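This report concerns only the one structure given below.
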Amino acid sequence: MANVKCNPDLVRERAKCSFDVNELIHLIDGGENATKEKRHFEETIFSVKELQDAVPEEYLSHKDRYENAVRKATILRDVCREYMKKYNYKPNRFRVGHGVFKDVSPFLLHDGMFVATIIGQGTPEQQAEWLPKAENMQIIGTYAQTELGHGSFIRGLETRATYDPKTEEFILNNATLSSFKWWPGGLGSTVNHCIVVAQLFINGKSYGIQPFIVQIRDLNTHKPLPGVKVGEIGPKMGFQTANNGFLGFENFRIPRMNMLMKNAQVLKDGTFVKGMNEKLTYGTMVMVRVGIVGDCSLNTSLAATIAVRYSAVRHQSKIKAKEPEVQILDYVTQQHKLFIAIASSHVFRNVYSWLSKSYLNVMKDLAQGKQDHLPELHATACCLKAVCSRDAGSVVEECRLACGGHGYMTSSNLPLVYGFTIATVTYEGEQTVLLLQTARYLVKAWLAALQGKVLAPSVSYLSDWLKNDNVRWQNTPEGIVKGFQHVAAGKVKAAYDTIQKYIKLGKDYEDAWNLASVQLMKASEAHSRSILCEVSWGEVIRTSASPNLLQVLKQLAQLYLVYWTLETSGDFLVYSNISKDDIAILREKYEELLAAIRPNAVGLVDAFDLRDEILHSTLGSYDGRVYERLMEEALKSPLNQESVNASFHKYLKPLMEKAKL
Ligand SMILES: CCCCCCCCCC/C=C\C/C=C/C(=O)SCCNC(=O)CCNC(=O)[C@H](O)C(C)(C)COP(=O)(O)OP(=O)(O)OC[C@H]1O[C@@H](n2cnc3c(N)ncnc32)[C@H](O)[C@@H]1OP(=O)(O)O
Ligand SMILES: Cc1cc2nc3c(=O)[nH]c(=O)nc-3n(C[C@H](O)[C@H](O)[C@H](O)COP(=O)(O)OP(=O)(O)OC[C@H]3O[C@@H](n4cnc5c(N)ncnc54)[C@H](O)[C@@H]3O)c2cc1C
């Protein structure tokens, strides 16, 4: 990239960077070798001509766009397969996926959830049967859980799987419209198999929801099998190429062994054998929630790279009347909008790495029959997924707005990035619903703290606070982290007390919970923020890097802490010993941090190492040829391929002539 002829502003920005950009790239990737491998893989993918679109896909019809996405998905699959064989390297398909599809792959659910569910929910025999076929694409699948009538409340799902011991089969039925599966990616026209989450019935008795692997289309003709009604749900706000679909069954029979039986089992005679914990059926969702935190880091880095590079190139208005128009990046308000995006991407990455480790540890425990840490993992994954996805959506939108009118252009790619980022707030558990799951855990933890019990590490601050809620405020990163814990503890206590108040007024527990649920949701958000702050600051101070880089990483981590303290200063005034003077000091600190980060802004986004082919942005390319690219892309519009459009003769001219009469 270094040899590309760049916009002079970007050249100047890069020259003043105080740290080694390559060092940060390697740190993010996990080592110099990992960067080399990543770059070699990406070079290979983006040199495949067939993966490059001649016409921007936004000009294609819905159908053509889908077909083009499937075409590219199959080529990408082949190239990856060959690459993996040749180099024994497991690539990150999600990252290059943004480049190849701009939006998302019609195979996203195959890779992200179908294969993962076979691994997580299948017995060794079932894995041996389906995993090789799924991994080498002999079968293509999705994860079909959500229905028209129910998404959040999965115990309310209506799709039925009724066991027939005579034939040793399950009979699938969707008797009502609301029971139709609705949303699964790839279901529309791509997949031939699904994980169907359905209510199990044996001898008229319900045994809760279970996962079943179901073939829905013929492998040769791709026609829906008899008894299957399947189709696509139509255009959405984003995810246009994900091929989301609907599905219903009528007396559709599948063999008994198609129920994934790692947890619960149905024996030949119809005996139901309970698993260790029925919530393990929800395991794929926990895994994906963890992954989404990582995805939030990537999505935020895409938007930050585009907006920061554009802000370095764009000149508008003046700070001093007699001086030239400034780079918009010099406006402190612009820095306020953008630097939190850079900082958030690092925070999400560090927290993702921490959460993934917890996830893997819990999976190891579960394999040995130990489930003590599962509730803590579930609660942590829920609130982090909810808060990170919401933050990522807000940050991406702020980056888009920070690009003014050009941020509204599809060719900036910011609208698309916003489309797939904001979807993460809803899928894999709607944000409020997940925050309230964490709140259940926090309320239990609070009760345990009141009873003097030892709490799990992520909530032990509740006991500390109970012992001493009068800690002197300190304007240091550690002091701020403590402050966030105080806010969270104060909010948990307030929400708990509110529940108790309603119960004393004669409400039953469930109604009291609902009445207190805004407070519960906010407590859960505060808990999540305290984890984000504690973990990210802890990761940064443990990072081994050169002094120059470490200084910049600490500035970013502090910026995150100070930004969120100021954003939620009302909470701090209520729940901690912060004073108005402390807030004034933090405001000053925040301004100092913006100024300190300013010279490194372009270097920092360069260190995300996102190739132009992944960014897909007229505003964010490495060379900063913003206006040239905007014009080049505009000229690709089909309306610019003719000097006079037919509508002139058909409609405009007659209109003007009528007006003359
Ligand atoms: C960098 C890598 C990137 C990778 C990215 C991944 C790529 C894939 C991305 C794909 C893109 C889009 C795909 C989208 C797919 C989907 O959306 S699939 C559908 C997802 N649906 C949901 O998430 C539904 C949300 N609802 C629920 O999860 C549950 O219904 C809910 C938890 C809200 C409630 O369940 P109930 O059974 O009603 O439980 P409840 O009574 O409230 O609680 C009982 C008890 O159980 C505990 N519990 C609940 N869930 C779990 C769990 N998963 N694990 C452990 N324990 C769980 C809960 O805490 C309660 O405990 P308590 O002790 O009684 O309090
Ligand atoms: C882009 C995208 C891709 C998707 N892909 C898939 C897929 O591949 N497979 C799949 O199975 N599903 C998929 N989904 C579905 C997704 O998982 C659900 O939409 C999601 O879980 C939310 O459920 P819902 O739509 O029923 O929302 P609802 O639950 O109806 O939410 C509506 C409102 O009700 C509120 N609400 C609901 N319950 C409660 C409660 N208990 N307490 C307080 N408030 C509540 C919510 O907070 C929200 O404000 C996808 C969705 C999207 C947007």
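Placed from the backbone N, Cα and C atoms, the Cβ positions cover glycine too.
The annotation domain 'Acyl-coenzyme A oxidase N-terminal' is assigned in TrEMBL to 20-140. If you look up TrEMBL, you'll see Thr146, Gly185 marked as FAD binding site. Among the features that TrEMBL reports, domain 'Acyl-CoA oxidase C-alpha1' is placed at 282-443. Per TrEMBL, the feature active site, proton acceptor maps to Glu428. Residues or ranges marked as domain 'Acyl-CoA oxidase C-terminal' in TrEMBL: 477-657.
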Average the per-residue pLDDT over the domain 'Acyl-CoA oxidase C-alpha1' (282-443) and send me the rounded value.
-> 97
Around the Cβ of Gly185 (FAD binding site), other Cβ atoms found within 10 Å total 27
Whole-number Å value for how far the residue listed as 'active site, proton acceptor' lies from Thr146 (FAD binding site) (Cα to Cα) | 10
Have a look around the residue listed as 'active site, proton acceptor' and count the other CB atoms within 10 A of its CB, chains all included.
-> 24
Between the Cα atoms of Glu428 (active site, proton acceptor) and Gly185 (FAD binding site), find the distance and write it as a whole number of Å.
-> 12
Secondary structure tally of the domain 'Acyl-coenzyme A oxidase N-terminal' (20-140) (DSSP, helix then strand then coil) = 91 helix, 0 strand, 30 coil
